[in-house]
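Here the structure comes first, spelled out in structure tokens, and everything after it is commentary.
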Amino acid sequence: FFQDFSKAMSQAGSSQFQEVIRQELEYSMKVELDKILATAHSNEIEHTKKDLEGFKKLFHRFLQEKGPSVDWGKIQRPPEDSIQPYEKIKARGLPDNIASVLNKLVVVKLNGGLGTSMGCKGPKSLIGVRNENTFLDLTVQQIEHLNKSYNTDVPLVLMNSFNTDDDTKKILQKYSHSRVKIYTFNQSRYPRINKETLLPIAKDVSYSGENTECWYPPGHGDIYASFYNSGLLDNLIAEGKEYIFVSNIDNLGATVDLYILNHLMNPPNGKRCEFVMEVTNKTRADVKGGTLTQYENKLRLVEIAQVPKAHVDEFKSVSKFKIFNTNNLWIALSAIKRLQEKNAIDMEIIVNPKTLDGGLNVIQLETAVGAAIKSFENSLGINVPRSRFLPVKTTSDLLLVMSNLYSLNAGSLTMSEKREFPTVPLVKLGSSFTKVQDYLRRFESIPDMLELDHLTVSGDVTFGKNVSLKGTVIIIANHGDRIDIPAGALLENKIVSGNLRILDH
């Protein structure tokens, strides 16, 4: 008995002890955040306070939760009718009054990211993608085309971050005469925390100069609070808008789909969905994408970071979890307002570790927009064609969308009819191509890739004008060597390695 008693006491002691430590950490954090707030100018106090309050809530939850946040035993396959095939939704056709349905829609693009992973300074949305058009240009062209075709007023809303806001606003002036109303709001700005001490590394509110590394935008899950706090959500509801279509600005497949919109506004069973997530079938390249599951009788998005280590391989299996989240989401504005006012949007915390330039290890706490699906009523997944997921994350992706695999029409890219397979080739460009400017320098023109299956390029390689690539092409220049693919060359099922230079007289 004595042993059991003392064991129970020590366990109670350890959880009490943890509680004391938690309280101390929260108190220290509060003290530090108050110090930071005290450095704000009078015109910054209000929004800095909101940001730091939001961060405090997130930090509180971070201290409460330990380990992966899903109980693997409770994860089930979603019920049949909770993920609808796109074909079925398209088969319903469109009503005559599609314009009145479109007038209830707002397009929201997540525009908080920088182009740093592709070696660019400034917002990623300003990188040229096709015929000098940037991601932002293509988005505006798509919506303008929609508004002109149907005589509607679909606005575009950009969620910027403190990293992208100034540059984006400067560029927006060029669209002042386009037939699209454009609004922006900023996502929150949260302090990065030292991994060891769990305290902010910022000493004051400024985020320029040496302080740029002290702050971060907390992931796109921040959209609900920021959109609400900006006042824009209420304004759009007052204008009669009912749904937002949210997607990443670098997903060139995320265009407004009239069939999905019609399904939302005129549901077959009379009961409207508050949240629709577009999912698509996994290929081997997508094993890390979040997947939709049934969990405690709700649809739930499970990301790889939440999966217990022992089950990661199972999570990645293409046979068990066949679909992944494209991050194209359709959400009811009234539901966002209701849940935000009740503080009832529940999203798992993503702990993102970073190492700063000086070698300091920090963590940033983030959330993902799709994770809120379980907080909404009557959620639905729609299994869409792969063509609605065309993200440009690397220069390998950029090569695909710049090539003749796609044709551009009114801002939308569609797969060329001359391509005989429905899938795109697998392209892997080596580290000499990582930065956009290096990539552009290495291609005199974009090769013909209509009949390409697989391309791997590694090392110091350049391509002349009008090169054609077919089948499987592997080009490897070893260290110190250089390969120049001559203008007009046709490479079909070829491996090129060593040193190849074509010299002009």
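Note: Cβ is positioned from N, Cα and C throughout, glycine not excepted.
Features as listed in TrEMBL:
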BINDING   K124, Q187, G219, D250, K393  UTP binding site
BINDING   H220  substrate binding site
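Everything TrEMBL records as a feature, shown here on the structure.
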{"residue": "K124", "record": "UTP binding site", "Cβ contacts under 8 Å, 6 or more apart": "G113, L114, G115, M118, F135, T164, I249, D250"}
{"residue": "Q187", "record": "UTP binding site", "Cβ contacts under 8 Å, 6 or more apart": "G112, M159, N160, S161, P217, P218, H220, D222, I223, S226"}
{"residue": "G219", "record": "UTP binding site", "Cβ contacts under 8 Å, 6 or more apart": "I350, N352, E366, T367, A368, V369"}
{"residue": "K393", "record": "UTP binding site", "Cβ contacts under 8 Å, 6 or more apart": "S117, D250"}
Neighbouring C-beta atoms (10 Å sphere around the C-beta of H220 (substrate binding site)): 24
UTP binding residues K124, Q187, G219, D250, K393: largest Cα-Cα distance, in Å and rounded to whole number: 21
All-chain count of other Cβ atoms within 10 Å of D250 (UTP binding site): 23
